[in-house]
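According to TrEMBL, the protein carries these features:
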- 108-127: transmembrane segment (TRANSMEM)
- 133-150: transmembrane segment (TRANSMEM)
- 157-176: transmembrane segment (TRANSMEM)
- 182-202: transmembrane segment (TRANSMEM)
- 214-234: transmembrane segment (TRANSMEM)
- 258-278: transmembrane segment (TRANSMEM)
- 327-350: transmembrane segment (TRANSMEM)
- 356-376: transmembrane segment (TRANSMEM)
């Protein structure tokens with residue numbers, strides 16, 4: 001019996017140990033499974049993160065690809081258009097230099113010039129209210145043509161000269177600020193002063209077959225003709241309606257006020273010219289890449305400016321290629337010239353119609369005489 005009880009106790013002990021071992025093994029297996037599941041979870045997250053990252057990169061590349069493609073296409077199209085434009089310009093330049101085209105161009109220019117010279121006085125006398133339209137139409141054609149021509153010759157810095165500034169002011173007065181007495185006064189003074197006298201000093205010639213020479217006479221003579229016409233030939237009621245500044249000023253200009261405002265506008269132009277041409281483009285001007293009225297006058301030893309500089313015996317002091325003394329003398333002479341030429345305008349021309357008309361006729365006659373000298377010189 002004792003042996004049986006011992007055997008039972010032994011069996012019970014073995015069962016207990018076995019049970020404990022099984023439980024322990026199950027716990028270990030569960031732990032291992034938990035650890036395996038955790039690592040698998042981390043690995044899955046890592047794989048998913050990599051997948052999302054690759055997808056985002058692919059989407060970014062896909063989104064950038066059309067932009068890069070379109071940029072390349074735009075640059076290529078721009079290059080093709082530039083080449084086509086340059087080719088057309090070369091073709092056009094070759095065509096413009098052909099003798100047949102030059103002859104046709106000169107014939108057209110001659111015909112238009114003669115017709116314009118005949119009909120402008122007729123329009124001024126018979127239909128004075130139409131002359132501002134005629135002036136505007138012509139200048140909007142002539143200035144772009146001259147700009148294109150001067151750009152080819154590298155003369156386009158001359159388009160910043162005073163004469164173009166005055167023409168611009170005249171257009172602004174006629175169509176934007178017709179009630180401005182200040183602007184009308186300045187335009188009248190400068191157009192009858194330095195612009196009109198420039199025909200004499202610059203030897204502008206009415207050579208009908210040359211569009212360039214006709215344009216030079218036009219930009220110096222037509223503003224004064226237009227303003228003189230609306231000043232003297234328009235009825236008073238039309239002046240009050242369309243150009244009230246003329247009626248507001250009255251029969252005469254106040255000399256001090258007129259000269260003061262004229263000097264202000266002149267100095268504004270002179271300052272802009274110094275900033276954008278003398279200073280801003282002086283490298284190209286010094287190297288001879290661009291021509292201006294300033295370099296032309298100083299380069300011509302027979303010009304009035306050059307003779308005055310030699311007579312005054314200024315030293316040649318160069319500052320980065322710009323002679324400061326010559327620049328100062330050039331601007332001083334221009335300023336004195338402007339003051340001298342505007343004095344007759346405010347003292348006599350604006351007050352007396354016949355003096356104004358005779359003055360313009362004399363200026364026009366000088367341009368015709370210069371043109372005749374050109375033709376006779378060519379024939380001889």
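A Cβ is built for glycine as well, from the same backbone N, Cα and C atoms used for every other residue.
TrEMBL labels come from automatic prediction, so no person has curated them.
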Next on the checklist: Please identify the stretch among 133-150, 157-176, 182-202, 214-234 with the greatest number of Cβ pairs below 8 Å relative to the transmembrane segment (327-350).
Outcome noted: 182-202
Next on the checklist: Are there residues at least six beyond either end of the transmembrane segment (214-234) with Cβ under 8 Å to its Cβ atoms? List them, or say none.
Outcome noted: 109, 112-113, 116, 120, 124-125, 128-129, 131-132, 135, 138-139, 142-143, 145-146, 163-164, 166-167, 170, 174, 184, 187-188, 191-192, 195-196, 198-199, 202, 204-208, 242-243, 246, 350, 353, 356-357, 360, 363-364, 367
Item to check | Cβ contacts under 8 Å made by the transmembrane segment (108-127) with residues that lie 6+ beyond its boundaries | outcome: 134, 138, 206, 208-211, 214, 222, 225, 229, 233
Item to check | Intrachain residues whose Cβ lies under 8 Å of the transmembrane segment (182-202), provided they are six or more past its termini | outcome: 162-163, 166, 169-170, 172-173, 216-217, 219-221, 223-224, 227-228, 231, 243, 245-246, 249, 253, 257-259, 261-262, 265-266, 304, 337-338, 341-342, 344-346, 349-350, 356, 359-360, 363, 366-367
